[in-house]
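Below: one structure, written as structure tokens.
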Amino acid sequence: MAGGSFTEKGKQYPGKMTVFVFLACLVASSGGLIFGYDIGISGGVTSMDPFLIKFFPSVYAKEQEVVDTNQYCKFDSTLLTLFTSSLYLAALVASLFAGYVTKRCGRRVSMLGGGVIFLVGAILNGFAQNVAMLIVGRIFLGIGVGFSNQSVPLYLSEMAPAKMRGMLNISFQLMITIGILAANLINYFTARIPGGWGWRIGLGLAAVPAVIMAGGSLFLPDTPNSLVARGKPEKARAMLRRIRGTDDVSLEFDDLVAASAASDAVESPWATLLQRRYRPQLAMALIIPTLQQLTGINVVMFYAPVLFKTIGFGGTASLMSAVITGLVNMFATFVSIATVDRLGRRKLLLQGGIQMIIAQFVLGTLIAVKFGTSGVAEISRPYAIGVVLCICVFVSAFAWSWGPLGWLVPSEIFPLEIRSAAQSAVVVFNMVFTFVIAQIFLMLLCRLKFGLFYFFGAWEVIMTIFVYFFLPETKGIPIEEMDRIWAGHWYWKRFVVDGANANNKVEMTSTNV
């Protein structure tokens, strides 16, 4: 697939999409498997009676109460939600250290470390004998997720040609959806194993994506950006020739060197990130991952089996419904892969936002009509199918908009001098709100009832307005020239221009242009 990257002055970085880049990005994106598998598996095992009996007997006892109890509150347990959310708290802390490792040692080493640590967590969870062992395992899983989510999106954005960056970066989200689907299928079949120990298989099989990521990273090359930043310019030039499929890489290489020189002049990336001229990037690093979690998607994906069980589905039926949403999630991601570099980021985010708003309010209304505020009802099969369809509409919208683009856009907008620190900030805020939502969801469901879906719908209105007014289009722009989109934006230009004047910003343009 031939193609190049247009520079700010209308020239093109020579090169094409090579098989080598495609395979490297495919292997690197397997880091998404560990994140997705955990999202899917945790919700499934918490709906299995044998798992609840062993680790959370009080939740099981409440679940077994007569059917006229408040369905909204059956699973409200701080300890149960801590099992799920502890991973994201660990990922939050780990991502702060991962940024330093990613910058100093390279993206590949960070991915390798994440895979190995995740493997340890999978083993602990698979053999867990008590809640403490279970949560310690989750903490190790979280550290692995923190490292992979910090390094993989950067790796993909730096390896890909600008015209293909969206498609290749979204492969990370595709792997997340594949991991979720695989976990949902495993939950469905292991729940049927006689003896009630199937949950151990589900938790233990997290070792498989960990091995794939750790093993694959041993054979991955490092990115030219990382090699230049670590003082290996000749290796970087050679790698650039290999990944672009041409010897004519002087223009792109000179821009990388200029970016690296600017990066070396920065004593503290975190302090630099706070400078006025980087206010647009800082805002996106905080707002985009925060809004991504406030879509309510993790309510559906973490707790899909629990959610379906809560609104009247049987145990096995709830697991099958989660499989269906997992399939929709995966296939809808292909829509984003096929269109993101053609239609652009803004159009997908706006369309997906509107679709999520409609689905969320309709879903809340369906549950309100049937369960009201009492949480007592029995739903018919056709009504249940309608609920599942509504959730599928919501999931598909997220899967081709805020799901992949919530990772893509932040990973491609940061200049090299603040890239590792800024990506750490992205992961931190993503995990903060993932942790918060996971920890309080069941409590909110118990207290807000059907209003919880309206709550998330309101946030989707806010995020769609935010994209319309404040997010510029980034498709096709070389990653080292991304500054120009802020300088031309009606709102952000005041920070970029004033900040550049205040800090005597050095232009990072090629000497060959």
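Placement of Cβ uses the backbone N, Cα and C atoms for every residue, glycine included.
Lifted from TrEMBL, the feature list:
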type	residues	note
TRANSMEM	19-37	transmembrane segment
DOMAIN	24-475	domain 'Major facilitator superfamily (MFS) profile'
TRANSMEM	79-102	transmembrane segment
TRANSMEM	109-128	transmembrane segment
TRANSMEM	134-156	transmembrane segment
TRANSMEM	168-191	transmembrane segment
TRANSMEM	197-220	transmembrane segment
TRANSMEM	282-304	transmembrane segment
TRANSMEM	316-340	transmembrane segment
TRANSMEM	352-371	transmembrane segment
TRANSMEM	383-409	transmembrane segment
TRANSMEM	421-445	transmembrane segment
TRANSMEM	451-471	transmembrane segment
- Message: Against the transmembrane segment (451-471), which of these stretches has the most C-beta pairs under 8 Å: 19-37, 134-156, 197-220, 352-371, 383-409?
- Response: 352-371
- Examine the transmembrane segment (79-102) against the transmembrane segment (134-156) and state whether at least 3 Cβ pairs sit under 8 A, considering only residue pairs 6 or more apart. yes
- Confidence over the domain 'Major facilitator superfamily (MFS) profile' (24-475), expressed as mean pLDDT on the 0 to 100 scale, is 85
- Report yes or no: does the transmembrane segment (19-37) come within contact of the transmembrane segment (421-445), defined as 3 or more CB pairs under 8 Å with a sequence separation of 6 or more? no
- Item | Beyond the flanks of the transmembrane segment (316-340) by at least 6 residues, Cβ under 8 Å | 40, 43-44, 47, 166-167, 170-171, 173-174, 177-178, 180-181, 183-185, 187-188, 191-192, 300-301, 304-309, 348, 388, 391-392, 395-401, 403-405, 408, 475
- For the transmembrane segment (168-191), which recorded stretch in the set 197-220, 352-371, 383-409, 421-445 gives the largest number of Cβ pairs separated by under 8 Å? 383-409
- Message: For the transmembrane segment (383-409), give me same-chain residues lying six or more residues beyond its boundaries with a C-beta closer than 8 angstroms to one of its C-beta atoms, as numbers and ranges.
- Response: 149, 153, 157, 165-166, 169-170, 172-174, 176-177, 284, 288-289, 291-292, 295, 297, 300-301, 304, 308, 311-313, 321, 324-325, 328-330, 332-333, 335-337, 339-340, 345, 348-349, 351-353, 355-356, 358-360, 362-363, 366-367, 370, 430, 463, 471, 474
